[in-house]
Amino acid sequence: MEKKKGISMAVIKRLPKYHRYLQELMENDIDRISSKELSEKIGFTASQIRQDLNCFGDFGQQGYGYNVKELYNNIGNILGLTRDYNTVIIGAGNIGQAIANYNSFNRLGFKLKGIFDANPRMFGIKIRDIEIQDVEKLKDFVKENDIEIGIICVPRTNAQKVCNELVEGGIKGIWNFAPIDLDVPKDIRVENVHLSESMMTLVYLLNHNDVK
């Protein structure tokens, strides 16, 4: 299976949805499924699904469809879920704690190694047996523990400073929950989760019927 060059971000963002739904099929002991059946369940057209998957190889068989387990494993491999990623959370407030306690991350290979906060009253408190540390120790911790992913859950005013510490520590990717677009070097990958923007999109959809 060889990844083709120039895969669009739209295709990449659809892959996790395929992966999640295929897992549900396996949990229900469903062994195979057609692109048409996938289309009806996921909401993308059958043609779109086939085009997406063809970007990475030929997975289906005409007249048979897709082997669910095989496709699940192939998509997991494409997404990079075949190894572990050492991860830290910065910001031990409500969002940070919710992420730390989300068990599926560990199953997917995201290994939480450290939690950091700026509030001294939080230091030493444990979440999932991991003690919250002073954010001033972040850069050295990232360097010493081969941390690849930093999850930023701090207020907007502190987010860029935290980001800079992560970058200086050698981080490779940032999952950003702060309502700010971070300034990072070109080789650092950032995935933003701006909750207020998602809510505003929902409000628009509640008030308009012009979305195709």
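For all residues, glycine too, the Cβ spot is worked out from N, Cα and C.
Per Swiss-Prot, the feature DNA-binding region maps to 17-56; the stated evidence is sequence analysis. Swiss-Prot lists Gly91, Ala92, Gly93, Asn94, Ile95, Gly96 with the feature NAD(+) binding site.
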Chain residues outside the DNA-binding region (17-56) and at least six past its termini with a C-beta under 8 angstroms from it: 1-4, 7, 11, 64-69, 71-72, 74-76, 78-79, 81
For Ile95 (NAD(+) binding site), the number of other Cβ atoms found within 10 Å of its own Cβ: 18
Binding-site residues (Gly91, Gly96), the one with most neighbouring Cβ atoms at 10 Å: Gly91
Residue among the binding-site residues Gly93, Asn94 whose Cβ has the most other Cβ atoms within 10 Å: Gly93
Additional residues around NAD(+), ordered along the sequence, whose Cβ is within 8 Å of the centroid of Gly91, Ala92, Gly93, Asn94, Ile95, Gly96: Ile89, Gln97, Ala98, Ile99, Asp117, Cys153, Val154
Count of other CB atoms lying within 10 Å of the CB belonging to Ala92 (NAD(+) binding site): 23
Helix, strand and coil counts within the DNA-binding region (17-56) (DSSP): 28 helix, 2 strand, 10 coil
